[in-house]
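S.K.: Below are the features I grabbed from TrEMBL:
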type	residues	note
DOMAIN	25-242	domain 'Calcineurin-like phosphoesterase'
BINDING	D30, D68, Y71, H241	Fe cation 1 binding site
BINDING	D68, N107, H204, H239	Fe cation 2 binding site
DISULFID	C158-C218	disulfide bond
Amino acid sequence: LQMLVLLWIMVTVVARGSSEGAVQFLAVGDWGGVPDPPFATPREVATASAMGRTATNLGADFVLALGDNFYYEGVRDEWDPRFQETFEQVFTAPGLRELPWFVLAGNHDHAGNVTAQLAYGQHSPRWHFPHYYYSLRFSVPGTNASARLLVLDTVLLCGGGDDFGAGGAPRGPQDAGAAAAQLAWLRRRLAAARHDRYVLVAGHYPVWSVAEHGPTACLVQLLRPLLRHHRVTAYLCGHDHNLQFLEEGGVGYVVSGAGNFVEDSQRHGGAVPPGSLRFFFGAPASPGGFAHLRLDARAATVTFLEATGRVLYRVALPPR
């Protein structure tokens, strides 16, 4: 059944995008409200509203949720009211109502019940979270080219960590066998994607980041060589609560973690490759932000937007 659902979604993505000549989506991370009434922060509400306007104005086929979907300790079960309070009742703009969400888990989701987030797809036509990690393939309209999106669980891969306070770096996977299985799956999927015009990989933890958490050593060691070897177009993540674009070894690194909190720390500025940081936005007074991606025949264009609607930065990444 899950495969049928995913196939159906792939068909709808093609159909929706065909008039635009592109596959387009919004990427937002760390958007998950708070556990106390009213359960959604002003930033989350502003970001949701701006995402709706952007979907209408620029076009979007789906939303990619980059983890930390429910602060601070995920959800309890598939009936948890937080699904309504922090998701369904917030992302209500006309441009968003019909869009499927493809979801991955962050460290705060793993502090609760991730299997409940997987199960919630049975209750909501918008919420698609078929497995801890999964692959999506899209046809690029107006071409015979395809694009691939590989969605990871970096917490299973690297271990848990705490967003708030020092000493929060991932401490190694709880289940080494499960981590090895995910990595083996990723290697197979990257090899199978060699003819796709664009390949995007998404996870919660950053590979490179100049901000509070900085680079994730586990991903620099395990993931970065694969991204480079397979000429991946871009890696998308959240975890650090700001917007960043870095480029290293031919791979674009998109940090979109400003859906609910915005922080301006650049304390790991010296921990990324020299010259790799191209864009950073973390103004504490900002009402939040997100990224819009457009994959067409010519380029993969990443646009960072503030929740005001202001375009902050745009970069075009070439086909593979």
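Every residue number used here counts from 1 along the chain in the order it is shown.
Placement of Cβ uses the backbone N, Cα and C atoms for every residue, glycine included.
On this model, are these features tucked inside or out on the surface, and what's nearby?
M.R.: Within 10 Å of the C-beta of Y71 (Fe cation 1 binding site) there are 26 other C-beta atoms, taking all protein chains into account.
Of all Cβ atoms in the shown protein chains, 20 besides its own fall within 10 Å of the Cβ of C218 (disulfide bond).
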S.K.: If you measure H239 (Fe cation 2 binding site) to C158 (disulfide bond) at Cα, how many Å is it?
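M.R.: Here the two Cα atoms lie 13 Å apart.
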S.K.: Within 10 Å of the Cβ of H239 (Fe cation 2 binding site), how many other Cβ atoms are there?
M.R.: 29
S.K.: Go through H204, H241, our binding-site residues, and report the one whose Cβ sees the most other Cβ atoms within 10 Å.
M.R.: H204
S.K.: Among the recorded positions listed here (Y71, C158, C218), which has the Cα closest to the Cα of H204 (Fe cation 2 binding site)?
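M.R.: Of all the candidates listed, C158 is nearest in space.
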